[in-house]
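K.L.:
Take this structure first; my questions come after.
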Amino acid sequence: MTRSTAHVTVLLEEAVGALAIKADGVYVDATFGRGGHSRRILSELNQNGRLVAVDRDPQAIAAGAEIDDSRFLLVHRAFGELAEAADEAGIRDVDGVLFDVGVSSPQIDDGERGFSFRYDAPLDMRMDTTQGETAAEWLARAEIRDITEVIRNYGEERFAFQIAKKVVAARLEQPIVTTGQFAALVRETVRTREPGQDPATRSFQALRIHINQELRQLEVALPQALELLKPGGRLVVISFHSLEDRIVKNFMRDQSIADAMPKSLPLRADQLPKPKLRLVGRPIKPSAAEIDANPRARSAVMRIAEKL
């Protein structure tokens, strides 16, 4: 049951400012969510500007239907399919692409979605509920090794192997089909307690990341965004945990360094390897005031780069 689906957009003004909006520009909001960033971008555009937003969550698509604006198009796709979404929208050479990655407050707060251990609900966890395997279905078939790797790699949980063994043993007695069942198994297994954090937190994060292939989606989306940008266009990415931020940091760093010099020398000046991105400023984090107003913003990090 949904208890609270209010969503407070994180780093709203900072993200839109980082895009360096041109009034007649073309922009992509690769993670529409509930449209906080999109609405703010639209407010900066004139009648010649255009915004294409992307989201794989059907509830986000439904929320986007409220925006009646000829400058705006919302595409139902995962952001890992950014190139396909751009083709569908008929855009190229855009002025900015924004990512606000990870799970949203409405997804967490809707107990029926199965993202949170705070509600006892079907163990689903799919961001796109129209396709793919649920978390319960995966746990029913996965081997101990696979469960261990997912929880260790995506949850950074040191009791991953013990949790995996517990899950496999428990499913022989009865199927694990609810968030309450999975959370109870994890709590029984994790022998240490971190202040202010439920023992199930890391395992729920890991399972969600795996079911939605969140890190892989980000890895394939960033090169597509770079290809889509025109020179001078901005790439802005907000992430919420170290696994995501590492991918963004490494991508931007690697693309800001020229490729190795070819062995076939001499070369003309136009043949010399050139970097593809310029890093813009330092990573930005929410202010103390924003974190106080919205505690879920505390782990956010925003990185900015400009295409050369």
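Quick reminder: no glycine exception, Cβ is built from N, Cα and C everywhere.
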K.L.:
From the candidates PHE79, PHE117, give the one listed by Swiss-Prot for the same S-adenosyl-L-methionine site as GLY35, GLY36, HIS37, ASP55, ASP100, GLN107.
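P.N.:
Among the candidates, Swiss-Prot records only PHE79 at this S-adenosyl-L-methionine site.
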K.L.:
Between GLY35, GLY36, which of the binding-site residues has the fewest other CB atoms within 10 angstroms in the structure shown?
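P.N.:
The binding-site residues GLY35, GLY36 were compared, and GLY36 has the fewest Cβ atoms within 10 Å.
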K.L.:
Counting Cβ atoms within 10 Å of each candidate's own Cβ, which of the binding-site residues ASP55, ASP100 comes out highest?
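P.N.:
Output for this query is ASP55.
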